[in-house]
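For reference, the structure is listed below as structure tokens.
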Amino acid sequence: MRTINLLQRMNIYQEVFLSILYRVLPIQKYLEPVYFYIYTLFGLQAIYVTALYITSWLLSGTWLSGLLAAFWYVTNRIDTTRVEFTIPLRENWALPFFAIQIAAITYFLRPNLQPFSERLTLLAIFISTFLFSLTWQFNQFMMLMQALVLFTLDSLDMLPAVKATWLYGIQMTGLLLVCILQFFNSMILGSLLISFNLSVLIARKLQKNLKTGSFFNRLGKLLVHLFAVLCLTLFLNNIIKKLLNLKSDEHIFKFLKAKFGFGATRDFDANLYLCEEAFGLLPFNTFGRLSDTLLFYAYIFVLSITVMAALAVAFHNLSDSTRQQSTGQMGKCTIILKPETAYNLIHTILFGFLALSTMRMKYLWTSHMCVFASFGLCSPEIWELLLKSIHLYNPKRICIMRYSVPILILLYLCYKFWPGMMDELSELREFYDPDTVELMNWINSHTPRKAVFAGSMQLLAGVKLCTGRTLTNHPHYEDNSLRERTKAVYQIYAKRSPEDVHALLRSFGADYVILEDSICYERRHQRGCRLRDLLDVANGHMMDGPGENDPDLKLAGHPRFCEEIKRNLPPYTAYFTRVFQNKTFHVYKLSRNK
């Protein structure tokens, strides 16, 4: 009963482009579409690793660093990528472009670039930013973190303000261009990134003397500047959302509020995220796996030294009472911590906090961890700082350390992990899910082409793909009306009367409803996080099973629909007729006359 503009609602421009490319190229006789798709994504992963290689090389000045970063990425692939077991994820399209952008920014922040090189680099940054934004719906949150990195470095005078301004502008331009291509997607216009970047530029104009004065004077100005940017960001964001009547991302803020302990919530959408392992804290065993390859130890070693250097540079910059530092002073600071190194340092710290708080985002951190650790082990500046601190400084020792340590680690990685990787490459695996296959075949052969199906988001995605039938809801959650519709359809797993469920499903035009035993009798989550528990709490009903309930929750007036309908009692058979079942699925046809 509703048509959705997929180009507006979903980030699928990459698939549209790929389908055109497949039809244009003379490869249809030799390569099936699914393999063309898979090979393209694996090819993008090769570009991803190449971008990590280049970033590490740019930071350290030696190709050996890039080689070590690539080796670490591959040996830690369980924690650095999900492409080998979940190929079509949006992040598998987006992260290669994000890595290219970071490499380009790393080069752009180098001092004394030639004008032509600078313009070319800015073009590379813009294109990679645009493609990253176009291919992933979470782009605005990742780039907000990046904007915070730039804001921190600009405030502490660790990079030229004009370069930070260019990068703020590129972020906003790329995002607005995506907004146009997605038919003015309101969620992009109401993003915190656009409000934050505008606020930074406005606050900087209002506080022109931000970087003058004594240490305490500058520190006070910095705190006022931070407060002004924060208030202006919230003000602009609220104004934009009210003007656009935007509610698409409100579930994310409810989720964040509950996640970080600012009050419990009974909101169904927020709890759906809170109960998913991917949105929980980073598991502790991740560090054990990263330590097995020596990556985590090397990362902590490099991070400790660069953080101390960054604090020294920040204190030096804030203590400088003149508006412009002399060339000699700037040169000294650049030797201690180059702008591109400072950028990658703050980047890895902020994305590290993001990964620790939300496991799904660890892939942004772990891949950059490979770059940062390998750069530090091959960097003459890092070894110089370390050897000077322990009074063993010698140019020859620096040369020995920056080459011997990475080579020894590479030899260790080859010896320990190469045989296992070769064994994995020789494995052949096969998809096996006969119950789902049986269901899809039945739908294709026993239901009209225009039949409308209701069910869980994940299953209906498969129904659409395999049968082409019309759906009542689907797995895109960044839309308020779709979230409300999904919650209404999911009442099939709540304690509701057959009349209520029938009326809800018919209001969306459903002809058939698919019930899944794996959801109705869920054991994957603990009590309180099962889908039926989330629905009960949202409906004000007490949860099933032993355990506590909030005192204001009440006993439901009806049994659980997905359980009771299987008893074929008259109140249910009057509205629903079972037309298919196997060990996993039960399909019911809705009556039209009730």
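Placed from the backbone N, Cα and C atoms, the Cβ positions cover glycine too.
Just so you know, TrEMBL annotations never went through curation; they're auto-generated.
A quick note: this is a predicted structure, and the numbers were derived from the prediction, not measured.
Listed in TrEMBL for this protein:
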TRANSMEM  51-73  transmembrane segment
TRANSMEM  93-110  transmembrane segment
TRANSMEM  116-136  transmembrane segment
TRANSMEM  148-169  transmembrane segment
TRANSMEM  175-201  transmembrane segment
TRANSMEM  222-240  transmembrane segment
TRANSMEM  294-315  transmembrane segment
TRANSMEM  342-359  transmembrane segment
TRANSMEM  365-387  transmembrane segment
TRANSMEM  399-418  transmembrane segment
#### Entry: Spatial neighbours of the transmembrane segment (222-240) far in sequence, C-beta under 8 Å, 6+ residues away
151, 155, 189-190, 192, 194-196, 198-200, 202-204, 206-207, 210, 246, 318
### Task
Please give the sequence-distant neighbours of the transmembrane segment (365-387): residues at least 6 beyond its ends with Cβ less than 8 Å from one of its Cβ atoms.
48, 52, 55-56, 59-62, 64-66, 68-70, 72-73, 76, 79-81, 95, 99, 102, 290, 295-296, 298-299, 301-303, 305-306, 308-309, 335-336, 338, 341, 344-345, 347-348, 351-352, 354-355, 393-394, 397-399, 401-403, 405-406, 409
### Query
the transmembrane segment (116-136) vs the transmembrane segment (342-359): three or more C-beta pairs under 8 Å (separation of 6 or more)?
no
### Task
Could you tell me whether the transmembrane segment (93-110) and the transmembrane segment (399-418) are in contact, taking contact to mean 3+ Cβ pairs under 8 Å with a sequence separation of 6 or more?
no
### Query
Same chain, outside the transmembrane segment (93-110) by at least 6, Cβ under 8 Å from its Cβ: which residues?
11, 14, 41, 44-45, 47-48, 51-52, 54-55, 58-59, 81, 118, 121-122, 124-125, 128-129, 131-132, 135-136, 139, 142, 159, 163, 167, 338-340, 343-344, 347, 363-364, 367-368
#### Entry: Cβ-Cβ under 8 Å with the transmembrane segment (51-73): same-chain residues at least 6 beyond its ends
80-81, 96, 99-100, 102-103, 106-107, 110, 293, 295, 340-341, 344, 367, 369-371, 373-380, 402-403, 406-407, 409-410, 413-414
### Message
Let me spell it out: take the transmembrane segment (342-359), skip the flanking residues so only those 6+ beyond its ends count, and list any with a Cβ under 8 Å from a Cβ in it.
### Response
55, 59, 102, 105-106, 109, 145-146, 148-150, 152-153, 158-159, 259-260, 277-283, 303, 306-307, 310, 313, 365-366, 368-369, 371-372, 375
